[in-house]
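What TrEMBL says about this protein:
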BINDING   122, 185, 217, 248, 391  UTP binding site
BINDING   218  substrate binding site
């Protein structure tokens with residue numbers, strides 16, 4: 001019986017291997033057909049994109065299910081996640097300008113504003129006094145450069161969805177004191193869920209073909225940044241670290257204390273990768289968390305957790321922190337690992353249903369998942385104020401209100417608020433789209449004393465409204 005069981009297992013794994021090889025071969029044939037439709041001027045980058053996709057698809061066929069073994073997950077060692085207070089207590093050196101000149105700010109700018117009912121790049125949505133996410137970012141860096149007489153550049157990672165619109169708007173900053181560079185993340189073909197073949201027939205991505213392609217998540221930053229040539233140029237200019245964050249996280253400003261810790265480490269050994277984490281609240285139970293796994297710091301996302309352990313993963317007492325996606329990474333390390341093809345990120349399989357009802361999958365990766373590939377990685381537990389993402393109009397209401405004051409592009413919690421936590425705001429479905437939301441507020445209410453707001457149904461707010469405690 002054992003023998004026949006072993007034989008059938010061997011048989012089934014051989015059978016699976018044959019199927020895998022066939023799928024991979026079919027995929028290669030389809031991708032070659034697509035590549036054959038590329039014009040001479042787009043051949044080179046299309047080829048790079050499809051090569052990258054092929055590698056990802058190969059790994060997707062090899063790997064089985066959620067890729068963490070729950071038994072191997074351990075709490076991170078004490079010193080691997082440092083409290084921000086400790087890092088701040090070291091103070092700043094006199095030559096902070098020379099440290100700042102080694103920094104590049106990178107914003108992830110591939111997303112569209114569709115979840116908030118907007119067309120075009122999310123970074124162009126107005127968030128405060130007519131300022132967009134992009135305006136605020138440029139103001140912050142310009143303020144730094146003027147204050148310290150430095151040259152910190154801004155790099156935007158666009159996607160094919162946001163590139164044209166973003167480039168048009170960048171002319172507006174031509175006189176600002178910030179050099180702005182852009183590069184594009186890859187463009188990968190969506191895969192038919194049934195056949196596991198690409199739904200695109202040619203290389204075009206306009207008109208009816210827009211749904212055939214997708215940007216493969218922000219984990220693509222390492223390859224795209226390297227392939228664009230911009231990484232090498234910045235290293236040649238003497239830049240050493242990038243500070244990466246989502247453009248819709250208004251709390252992600254350049255922090256001089258963290259930068260100083262990176263450039264002048266207390267033990268003399270530089271970190272190649274720092275992830276800012278912050279304490280979970282009830283609202284963040286799904287956020288990825290830092291764990292110790294096979295002697296490395298590792299980011300574990302909810303999608304990688306075996307079903308039986310999801311509740312444990314969501315527990316605020318066991319996993320107290322989550323990843324803010326504010327990351328500080330050494331440029332030389334990205335170059336080294338990219339050239340060795342040694343950046344290892346788990347594959348996120350993102351299922352989608354297209355307008356016509358077709359089920360497709362997108363293979364994606366997340367930028368923070370690469371932490372385990374870098375040497376001497378560190379988590380820093382930062383104040384909640386460094387995580388202020390605007391994903392919904394409920395978030396938008398908070399940042400537009402008098403809870404925050406705006407200074408040189410940075411939002412800070414008003415001193416008039418008696419406790420530092422943000423109210424919990426749930427606006428109903430009538431407020432989902434930005435234009436509906438704006439129409440329903442004649443002016444933004446006073447929210448300094450608010451704890452909790454829930455709105456359901458067809459509600460509008462007049463002028464001079466004050467919301468206090470629970471509403």
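Glycine is no exception: its Cβ is also placed from the backbone N, Cα and C atoms.
Everything TrEMBL records as a feature, shown here on the structure.
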| residue | record | Cβ contacts under 8 Å, 6 or more apart |
| --- | --- | --- |
| 122 | UTP binding site | 111, 112, 113, 116, 133, 162, 247, 248 |
| 185 | UTP binding site | 110, 157, 158, 159, 215, 216, 218, 220, 221, 224 |
| 217 | UTP binding site | 348, 350, 364, 365, 366, 367 |
| 391 | UTP binding site | 115, 248 |
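Neighbour density for residue 248 (UTP binding site): within 10 A of its CB lie 22 other CB atoms from the protein chains shown. Neighbour count (other Cβ atoms within 10 Å of the Cβ, all protein chains): 24 for residue 218 (substrate binding site).
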